[in-house]
Protein chains: 4
Amino acid sequence: MSHNTFGHLFRVTTFGESHGVALGCVVDGCPPGLPLEAEEIQAELDRRKPGQSRFTTQRREPDQVKILSGVFSDDRTDGRQFTTGTPIALMIENTDQRSKDYSEIRDSYRPGHADYTYDAKYGIRDYRGGGRSSARETAARVAAGAVARKVIPGISIRAALVQMGPHAIDRSRWDWDEVGNNPFFCPDAETASFYETYLDGIRKDGSSVGAIIEVVAEGVPPGLGAPVYGKLDADLAAAMMSINAVKGVEIGDGFAAAALRGEDNADEMRAGNGDRPRFLANHAGGILGGISSGEPVVVRFAVKPTSSILTSRRSVTRDGDEVDLVTKGRHDPCVGIRAVPVAEAMMACVLADHYLRHRGQVGQQP
Amino acid sequence: MSHNTFGHLFRVTTFGESHGVALGCVVDGCPPGLPLEAEEIQAELDRRKPGQSRFTTQRREPDQVKILSGVFSDDRTDGRQFTTGTPIALMIENTDQRSKDYSEIRDSYRPGHADYTYDAKYGIRDYRGGGRSSARETAARVAAGAVARKVIPGISIRAALVQMGPHAIDRSRWDWDEVGNNPFFCPDAETASFYETYLDGIRKDGSSVGAIIEVVAEGVPPGLGAPVYGKLDADLAAAMMSINAVKGVEIGDGFAAAALRGEDNADEMRAGNGDRPRFLANHAGGILGGISSGEPVVVRFAVKPTSSILTSRRSVTRDGDEVDLVTKGRHDPCVGIRAVPVAEAMMACVLADHYLRHRGQVGQQP
Amino acid sequence: MSHNTFGHLFRVTTFGESHGVALGCVVDGCPPGLPLEAEEIQAELDRRKPGQSRFTTQRREPDQVKILSGVFSDDRTDGRQFTTGTPIALMIENTDQRSKDYSEIRDSYRPGHADYTYDAKYGIRDYRGGGRSSARETAARVAAGAVARKVIPGISIRAALVQMGPHAIDRSRWDWDEVGNNPFFCPDAETASFYETYLDGIRKDGSSVGAIIEVVAEGVPPGLGAPVYGKLDADLAAAMMSINAVKGVEIGDGFAAAALRGEDNADEMRAGNGDRPRFLANHAGGILGGISSGEPVVVRFAVKPTSSILTSRRSVTRDGDEVDLVTKGRHDPCVGIRAVPVAEAMMACVLADHYLRHRGQVGQQP
Amino acid sequence: MSHNTFGHLFRVTTFGESHGVALGCVVDGCPPGLPLEAEEIQAELDRRKPGQSRFTTQRREPDQVKILSGVFSDDRTDGRQFTTGTPIALMIENTDQRSKDYSEIRDSYRPGHADYTYDAKYGIRDYRGGGRSSARETAARVAAGAVARKVIPGISIRAALVQMGPHAIDRSRWDWDEVGNNPFFCPDAETASFYETYLDGIRKDGSSVGAIIEVVAEGVPPGLGAPVYGKLDADLAAAMMSINAVKGVEIGDGFAAAALRGEDNADEMRAGNGDRPRFLANHAGGILGGISSGEPVVVRFAVKPTSSILTSRRSVTRDGDEVDLVTKGRHDPCVGIRAVPVAEAMMACVLADHYLRHRGQVGQQP
């Protein structure tokens, strides 16, 4: 991952600022001949779109995606559109750029935000809505992820919110079907009800909370991952950590594995179907030695609480003067919620890339 | 990070198997004119070397490093050796390759190891000592890290073991000077004493435990990191996750940040020295928006328990027959211990790379 | 250079097909704080624009560029726009997409074109106007080059057509000021007059001719280039060879150097100004050992004749049937002419990239 | 190509100086399961080895290659050695490091060499034998090329010297079998005889001459190459231009194509065998739109005369004083000769890389 590009064979380059003309991405290296309609990308974007419940920012952005290149249809395809193997450029124009007074954010550094560090690095900063450091950039990832999902046949990628603030779900109640039934992408209906009240309280306090997201990929063939620095888990760690506000990433048992003894952690095997062993457990989260084992790939990551809050915080201005700041505006009280579709997109992109890399080096369909 | 190379301007490519002829690395893109003697690299390698206490594998490897290229000295330099800006190749020859019977490991898949996944990917595997998937590869990283430490002036990088099995240290007793006084790189002398007894028990049981390592870089200038996929934390996450047996990585407060409220997590600022603000806390672990803030960069990662244990585990053979396996041989009861110098090396490499990348794009010394 | 991206620190990714919605590029890694207005990019695009004389295709494309991201202005900058260090996305919408009958080009392979090879590779092809293989893609390069020109202070990059068909210019009459005075970017006014008559004849025959272009960069500091595979001349060779229809690239004396003796080819040196030697000749074209010497960087490349001609050629259809083809439509009789601004753009991008790479590794302004 | 690495999936990183401890390379991304013995690599190295006739440098280097990693054999393979998919490190130790007086080359800049530019870039330089800029580095390429040849089944790669000084061969006498029969890799026996006398004269004069090399790959499947910056010809241009002393590269008709008319240059097609057309000519040198057509890939490049000559040349010292220099020592009077096996190696590496890249993106065996 370098600059604003990630992936080795399936490469995604994103661009755009929160309040600029447009944002988008170029997906390069996609296999040819995959069916791809704008509507499919739009469906993914709509899941991430702000303003869908009172628990996400009220900024109104239609987030309408346009495919600029890399697909083709004609009468021979009956009007169905296919990838051609050339770069797929996707663009989302910004529409809700309220004219507002940016003087405070222009001159002061909001605690927890990237205001100071962007200034320290570049000496110049598009401060409107956070500019390039805004989570709005993740719309471009979701669009790219919709393309990536097409690459590996038979794969399923789903994510869910498994903790909000200090409140974890009850995993025994996990039901993927519930994820679409509440505004939190929460797989535990009972905890989701609790979150409504809880997050309302946080929101009314002008505060915010963090969250933990879990993303699971099923149908990943064994053999994906390229030791030792192109390990599948290393690339997943980078992919998830690159999402705004993420502060930790773990695979399988993750940090809990540190507390285990060897005999509890090593997933045993028995004879399975065909030439694959059957694993009796999946502490490893589907990855051994950086290479997929055929078991579900399980990744979790922690999102810090939204830094924009209505409580006054101490800070400094560009010129070094001390100030007290309140970040007004339309904010997500739990920015982790909208990270759920982003997590799926990043998983899809990483797996698509490794699928192509494996096929390149080893040849057979893994 | 692709294949066996990481870094963008400061690039490290490693090679070698556990029981092959040699292992090593090529460090490319190092600035010219840095003093570099083999002894300095050797000193770092000696910290990672096996067989230094009864708590690490008894394999006896001198791990003697040889510089093959990229440095120069003559009478004008008074015999002192300097980097020339060309690739620095470092080689460590393997000496302790006991002839032993590999038939079991050749035909069966050790649970928790990469045996099955390497076979699934490549169809062929150097099974002796784990081949390429052996933690022995990390010697090459430590060698590269010794070079990387030279790149940023005034930087300090230190790591410590902060949890073994379920037993965390008492952070109020943290003393960096203690790290060198016990065989665990533990900064808390009292807990280190406890670990002696604890790990002896684990070892005698033929079992193993995991650990958590913390690595801290001080003196990192603000401005390092390249949004949005070349974020400093994204690269650190990949770097640490690529270390053998690592299952989780976090920055600053990490997973604990998910449980915080916004007003507790956002590090406040006051007027500081010169043109830098003074941060009143460092929940962010020195990184905001993927860019260093000038505060200490703090990374923690979890290492799973060593998979090679003396307890019999269920598994299958290459041919799919069910077997019960005991992994005999010389093992680390807590492989996390020797990950401490490796963590420092990876931190040094990532920071060196981002230092050069920043200087390339922005120009001034950050 | 991989897929549709080139450059290491100054990275350009282009997208778009000849008759698609839009084409453009993302310029990533540009230094912050450089003044950049759309008008400056437009001025370069206008030099490459088709339909400016009877000697280029009559396709009417305004080639209007839009900056989508990566720049910023506010009242503090007096409305002047500056780069911010984030990705600069540039877009050119296609407007002249005449509805026409593509059935012939859809089913048959035009000799000299990439029709067959795209089909052989991808199995699907946007055949309208050549799709991705159209020289229209070079508009995106010219736009990127306009940004690249800003990176190195005091640099001058100019290109000229020095041969059309078998007719070379008389180098003794070389006058850079003439380049803008004729429709061929020819620095020799007398030969330019001859080309008018000559190319009219070619055009009326429904034929085409090749050309040789020379591009010269002055003010390049010594020290740019990264041995041994990031050599400045290797990157320039790739950059120029990647331009449509280019079949050969040479540096300095190029192929003629093969016929020289050592004493004639080795550019002698004498004491110069300051710490740089003065070279008494520049057979090397400003590059020694892959690194710039401070002398003008001189590159020449050969462009083959336009493959679309009105003479009937033998070919086959997608289904393998034999056909005779005439490529009707609006063509450049000498596609080399419009390669002149493209050559300048590629030179600018390569030099900008190496300038940043050098600054990254070595630190001082070279 | 960046720093000292080239290739995207089949990646080669080389290291080493002319008079350092050792030189070599790491080949990363090689497919697993390819038979590979050190002897096969040695056979290629022996073709490039100096001191085989009076027409190459009399430096005596056995150039003995050692495989350090990435291959495996056991009783199941009957002792035959196969690649494992992990990095293949190859090392050649330097043995003939005559102690000599380097004071002149240390302090003065040899015209035509990289002495000045390395100093300008790095400020420090291993001047012994040219250090990193020595053509000795190409031994590592030849070793890597021996591995690359294994990747594409049924491919044939051969190179020959087709011009020495101003004297081109007679192509009507081309006989590949003659290439091994003379010390010049010349396919025209009659001209080879002439070269003996000619080059003896050059050598006795203490002078040198340039050369042109042609390399031809047969059996390249159609479809290799990745538009638009990963074009097969762009990568070949970079690969050849990166060879020491190369000043020009051309594909197919190359520079001569500039003088052709469209109807002569566009290779016509007729129905062929199976699903491939039959091309009636190959002006394009096997590449159309950056993608292989299935025709032989034909590349030529120009090598400048050896810069080390016995004729006194004007130059300056490091301190800027004017001097007259004679480059004593053991030199190749025509360094182009030993570029022949290097050309084959670079062709093999580029094609292997594109073969894997194509398989990655598109899937089927091309």
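In case you wondered, yes, glycine gets a Cβ from its N, Cα and C as well.
As written in TrEMBL, here are the features:
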- C:Arg48, C:Arg54: NADP(+) binding site (BINDING)
- C:Arg132, C:Ser133, C:Ser134, C:Asn244, C:Ala245, C:Gly289, C:Lys304, C:Pro305, C:Thr306, C:Ser307, C:Ser308, C:Arg330: FMN binding site (BINDING)
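On the structure: features taken from TrEMBL.
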{"residue": "C:Arg48", "record": "NADP(+) binding site", "Cβ neighbours (10 Å)": "25"}
{"residue": "C:Arg54", "record": "NADP(+) binding site", "Cβ neighbours (10 Å)": "12"}
{"residue": "C:Arg132", "record": "FMN binding site", "Cβ neighbours (10 Å)": "28"}
{"residue": "C:Ser134", "record": "FMN binding site", "Cβ neighbours (10 Å)": "22"}
{"residue": "C:Ala245", "record": "FMN binding site", "Cβ neighbours (10 Å)": "22"}
{"residue": "C:Lys304", "record": "FMN binding site", "Cβ neighbours (10 Å)": "30"}
{"residue": "C:Thr306", "record": "FMN binding site", "Cβ neighbours (10 Å)": "28"}
{"residue": "C:Ser308", "record": "FMN binding site", "Cβ neighbours (10 Å)": "26"}
Completion exercise
C:Ala245 (FMN binding site) sits from C:Arg48 (NADP(+) binding site) (Cα to Cα, rounded, in Å) at a distance of 16
Completion exercise
Rounding to whole Å, the Cα atoms of C:Thr306 (FMN binding site) and C:Arg54 (NADP(+) binding site) are apart by 15
Practice task
Give the distance between the Cα atoms of C:Ser134 (FMN binding site) and C:Arg54 (NADP(+) binding site), rounded to the nearest whole Å.
Solution key: 20
Completion exercise
Residues among the binding-site residues C:Arg132, C:Lys304, C:Thr306 lying close to chain A by Cβ (under 8 Å) are C:Arg132
Completion exercise
Rounded to a whole number of Å, the separation of the Cα atoms of C:Ala245 (FMN binding site) and C:Arg54 (NADP(+) binding site) comes to 21
Exercise for the section: Please report how many Å separate the Cα atom of C:Arg54 (NADP(+) binding site) from that of C:Ser308 (FMN binding site), as a whole number. Expected result: 16
Completion exercise
Here the binding-site residues C:Arg48, C:Arg54, C:Ser134, C:Ala245 meeting chain D with a Cβ under 8 Å reduce to none
Problem - For C:Arg132 (FMN binding site), the three-state class that DSSP assigns - result: helix
Practice task
Let me know the DSSP-derived helix, strand or coil state of C:Ser308 (FMN binding site), please.
Solution key: coil
Handout entry: C:Arg48 (NADP(+) binding site) in three-state DSSP notation
Key = helix
